[in-house]
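Asks: The structure that follows is given in the form of structure tokens.
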């Protein structure tokens with residue numbers, strides 16, 4: 001039943017993998033190179049031609065970077081934004097009062113260019129922690145926000161990357177009140193990505209008509225099933241956030257839980273979030289495979305989430321998958337330390353659709369067949385831990401030499 | 001004051017880094033190759049010429065290996081042991097009823113050789129999860145327990161290793177009631193080592209006169225400050241345990257908290273545990289450096305422990321240290337997600353004795369000097385998070401290409 005519903009919903013979406021935050025009506029995005037990185041674009045922006053409802057979800061790390069503090073406060077106070085500016089290469093984190101002032105100056109400069117109030121601007125940074133932003137470069141960036149030469153949304157998608165190897169973006173369309181509504185998303189990973197978000201930035205734009213409170217609920221529930229369910233290395237950064245803007249440029253009845261087509265909007269919104277989240281997991285530093293852990297039968301979803309995350313977070317599982325080794329004992333181990341409620345005798349595990357553990361006991365399996373399936377790019381681990389209704393999926397990647405190489409020399 | 005006391009206590013210990021579980025009076029240890037591994041010794045034993053008080057601490061993983069279940073029950077029922085037999089290469093885990101019977105058969109065969117009751121035998125296994133023990137090889141091993149040719153304690157130290165690169169052992173002596181008491185220890189790591197123990201086995205023997213209840217308390221508190229404070233990769237295995245035997249062959253007044261020299265015994269016992277734990281961390285799979293995180297000023301020890309463990313568990317910290325990169329932002333990040341109680345403005349961090357963060361704000365530091373210090377083998381991270389009395393130290397290692405190589409191909 002649940003699956004049929006899902007396929008039916010999926011058929012109603014018009015998915016464009018070339019789309020991004022610039023796809024919905026009235027949104028413009030761009031970016032350029034201002035000299036924070038050696039050659040690549042490192043400064044970007046999104047703006048809407050009209051004010052937009054805004055919502056954000058933010059890192060749970062106790063050390064919050066200056067731009068995150070400023071943006072969180074801005075959205076908390078006004079529930080709306082008209083633009084977001086982002087820089088990569090420098091996180092503006094652990095930078096004290098000067099860092100906060102730098103984030104506010106960035107707001108002010110961008111506002112001046114766009115001729116709007118500073119409190120209509122969100123700011124975000126990603127990169128190395130512990131140095132001040134070179135503000136002349138940031139200022140230079142803000143001066144080009146309206147320059148048509150740089151206003152291509154793919155430039156924005158590029159400008160926010162750090163160790164990512166690919167841009168991450170899409171847009172989907174769905175009919176609401178017979179009108180086409182577009183939701184666009186762009187994100188970056190790719191190290192330090194973990195449940196509750198970590199050096200990941202996500203931006204979602206839509207031309208739907210949604211008030212800020214509804215948008216906030218929508219973003220929170222989507223995040224719980226997407227950005228909070230991915231992990232690359234278990235670290236949660238100081239800068240992570242997902243920001244969402246809805247400018248209402250499509251003329252339909254305002255969307256909220258009482259709207260008859262609300263479920264379609266939510267489905268599309270979740271689709272965007274999950275696609276971006278999986279793209280981040282798949283492009284984890286050094287990753288060669290996307291690893292999905294699906295858990296069912298837990299006594300509630302929270303429990304299932306803990307187990308699913310534990311599996312995709314385990315370095316031993318990640319290295320075994322990198323080595324295409326059918327070492328299911330490591331999966332069992334990760335299940336066993338995830339939760340006190342796991343009952344070995346009620347636990348079954350399949351790896352790449354081959355059952356390897358039943359009622360806590362290993363099963364004979366076709367070693368050659370499993371070995372062959374482990375060479376694929378998408379590895380799925382399915383776990384059943386009882387007859388409860390709790391279920392969850394978590395997404396991660398393998399752990400490779402390349403991960404170590406990237407991270408042993410990131411800063412210097 | 002605390003430090004002077006520590007040095008004074010340390011001076012009273014006679015430390016022998018050649019010593020091991022065979023050093024205390026009345027303990028004999030040995031091992032041989034029975035064919036579980038290709039060439040290396042893979043079956044070992046410790047026995048005492050007289051019955052010994054026994055205590056154990058066990059994995060918190062919900063999947064417990066068969067030998068662990070059998071040993072835990074044995075010690076719980078009898079509080080004493082006279083021998084322990086151990087095999088490497090096969091964990092006898094996820095092996096159901098047959099695995100339990102195999103562990104019991106091992107007990108029975110060893111008991112027969114030693115002419116004692118089976119419930120005086122502890123059993124332990126370490127290695128790959130999910131296959132049955134080849135019992136004819138185990139039986140062959142038990143038949144050699146009394147064979148003098150194999151009764152060298154260094155053979156025991158070797159026989160329990162898996163991916164360890166070195167044996168881990170020591171003994172210390174301390175005077176109790178004017179008599180020399182010896183405590184010996186042998187352990188193995190080295191992947192899947194994490195707080196609350198993981199594919200690590202530890203064995204501590206002593207000729208001191210200590211009842212089982214006191215020994216149990218002694219082991220528990222020592223474990224909390226040693227084996228539970230190390231991490232290699234965050235995974236907690238199904239087989240981890242530390243077993244302790246005290247045969248009372250030195251004729252002194254029975255030791256408990258009321259004995260006037262109790263603190264000396266406890267100090268010596270902790271010393272053995274911490275030395276073994278640090279040896280495991282230093283020999284973590286692929287490790288090139290021992291990483292120590294010391295946290296002070298937390299509002300209680302538990303809080304300090306969480307923060308210290310978070311730092312040494314972070315893949316990003318571990319790879320930065322492997323790359324000898326002064327990326328202190330990753331340390332700050334790991335502190336920030338460790339606990340909700342961390343106050344950035346009260347947090348200071350030193351790396352290799354150079355202050356890098358003060359009141360949550362990065363400090364300028366001598367990059368060349370720090371770079372030079374990071375080339376050393378022992379990396380110390382000192383963190384102060386307030387003015388509370390809580391403190392803790394955790395031990396880990398760097399994350400190298402070698403870790404990935406070892407773990408991408410362990411099973412096959």
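Glycine too: its Cβ is placed from the backbone N, Cα and C atoms.
So TrEMBL lists these for the protein:
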ACT_SITE  B:199  active site, nucleophile
BINDING   B:162, B:188, B:199, B:285, B:407, B:412  substrate binding site
Asks: So if the criterion is CB under 8 Å to a CB of chain A, which of the binding-site residues B:162, B:188, B:285 qualify?
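Replies: Checking chain A against the binding-site residues, no residue falls within range (Cβ-Cβ under 8 Å).
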Asks: Indicate the candidate from B:162, B:407 with the smallest number of other Cβ atoms within 10 Å of its Cβ, considering only these binding-site residues.
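Replies: Output over binding-site residues B:162, B:407: least Cβ neighbours within 10 Å is B:162.
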Asks: Do any residues at least six apart in sequence from residue B:188 (substrate binding site), in the same chain, have a Cβ closer than 8 Å to its Cβ, and if so which, in order?
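Replies: Correct list: B:88, B:126, B:160, B:161, B:162, B:164, B:168, B:200, B:201, B:280.
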Asks: Across all chains shown, how many C-beta atoms besides its own are within 10 angstroms of the C-beta of residue B:285 (substrate binding site)?
Replies: 28
